[in-house]
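Visitor: Quick one: the structure is below, questions incoming.
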Amino acid sequence: MWHKFVIIVALLYIIRINTANAACTINVNGDLGDPQPLLIRPGSTQFFNPQGTDGIIHLNDNQQLELYCSSGFASPAGIATNSITVTCTSGNRFSYNSIAYYFNNYYCSAYPAHKARKTGGRCYNNGYEVEIGFEVGTRFLRIMTVCHNEIVEENYYAKYKLTPANVGYQIGFPRPNFITGDFFGGKNVDYIYSRNQQRNVIAQILNSQARAEYYIHPTNDFFLARGHMAAKTDFIFGSQHRATFYFLNTAPQWQKFNALNWEAIEDSSKKLAAARGLDLDVYTGVYGRCKLADESGRLHDIYLYPNGTYGAQIPVPALYYKILVDAAGDAGIVLIGVNNPYLTYEEIQRDYVICHDISSQITWSLNWQRENIERGYSYACSVSDFLRVVPHVSLYVTRLLV
């Protein structure tokens with residue numbers, strides 16, 4: 001009897017091991033079909049994200065995953081609906097209609113369509129709250145909300161989440177062109193951002209072609225880029241990256257700053273969430289007006305569209321900011337960068353450091369050269385100190401996220 005008991009226990013152990021080995025994995029870097037479907041927790045408004053920081057999604061044996069293609073599935077053949085539920089079989093194989101396929105065999109006819117739409121809510125300075133994400137039947141899978149002012153065509157901030165999983169984002173996904181969606185009143189915003197048009201507009205504002213050619217260079221990084229507020233790599237899947245390319249999620253940003261200190265802030269924020277296991281609420285936005293001097297030294301606010309219906313539109317901001325809030329730990333910090341490579345150190349200290357600088361207290365890795373003006377002079381403040389000057393949102397935390 002004892003021997004039979006040992007054999008039964010051993011068999012159960014073997015079955016348990018085999019079941020564990022039958023669990024499935026999907027690596028967002030290599031295992032997704034192209035064009036990729038949306039990966040959704042079945043029936044929900046939640047993406048099926050990796051559980052850790054390595055970009056790998058783990059599923060239990062027989063666990064289900066919803067896949068969605070707004071344009072329909074190109075593979076496997078014969079799928080007549082836009083949404084299907086597949087079941088983990090083993091390794092990288094998932095079954096649909098009792099047939100197991102490697103996961104990269106599930107792909108769409110085209111990339112899933114994304115959408116920017118008003119929520120009906122209002123935000124700072126009588127702005128409109130706009131959500132960006134994916135319509136899946138009657139559901140909406142939101143990746144961010146934006147506060148947009150239609151009178152000035154200014155985007156105050158984008159709000160979204162950073163979790164430890166975001167550091168394992170899909171690498172090297174192709175960049176699409178920026179689009180306006182149903183916003184910006186039919187303006188050709190892509191043309192407005194062209195270097196030639198920037199020079200034309202700045203020459204008009206400063207009444208000097210020579211000054212405009214000094215500020216906007218034809219070949220180097222001294223020009224105004226389409227600066228993402230929520231970075232494409234702040235999201236995991238390539239389909240989500242594509243949804244960040246709305247002009248609603250941009251503000252004019254000097255390219256040198258965009259590619260250097262601001263990118264360091266973006267990258268370090270993801271690494272902070274991963275290293276400390278934090279779910280961060282993020283508000284990335286802009287404040288103030290970039291000012292450039294004419295030939296007599298007089299300063300002028302810079303806009304990319306100075307002759308709009310309601311006056312000057314698409315302002316070039318003075319500052320970019322990123323508020324990071326760890327709600328569970330009642331902690332937060334604001335990282336701020338100066339969006340003007342033509343300022344002096346004295347001008348920055350006098351007019352652009354708008355709250356008490358606490359950057360020396362930060363203990364986590366922030367790979368910036370924060371006092372380099374061309375790269376974007378940068379500093380940090382407490383949330384409360386910053387919001388006293390820039391009341392874009394209402395937040396309250398008692399501790400510093402340092």
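Yeah, the Cβs are placed from backbone N, Cα and C, and that goes for glycine too.
Because TrEMBL annotations are produced automatically, they should be read as predictions rather than curated entries.
TrEMBL feature annotations, pasted as is:
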ACT_SITE  HIS228  active site, proton acceptor
BINDING   ASN258  Mg(2+) binding site
DOMAIN    140-386  domain 'DNA/RNA non-specific endonuclease/pyrophosphatase/phosphodiesterase'
SIGNAL    1-22  signal peptide
Visitor: With every protein chain in view, what's the tally of Cβ atoms within 10 Å of the Cβ of HIS228 (active site, proton acceptor), excluding that atom itself?
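Guide: Excluding its own Cβ, the number within 10 Å is 23.
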Visitor: C-alpha of ASN258 (Mg(2+) binding site) to C-alpha of HIS228 (active site, proton acceptor): distance in Å?
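Guide: If we compare the Cα positions of ASN258 (Mg(2+) binding site) and HIS228 (active site, proton acceptor), the gap is 9 Å.
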Visitor: Let me check the 10 A CB neighbour count of ASN258 (Mg(2+) binding site). How many other CB atoms are there?
Guide: 22
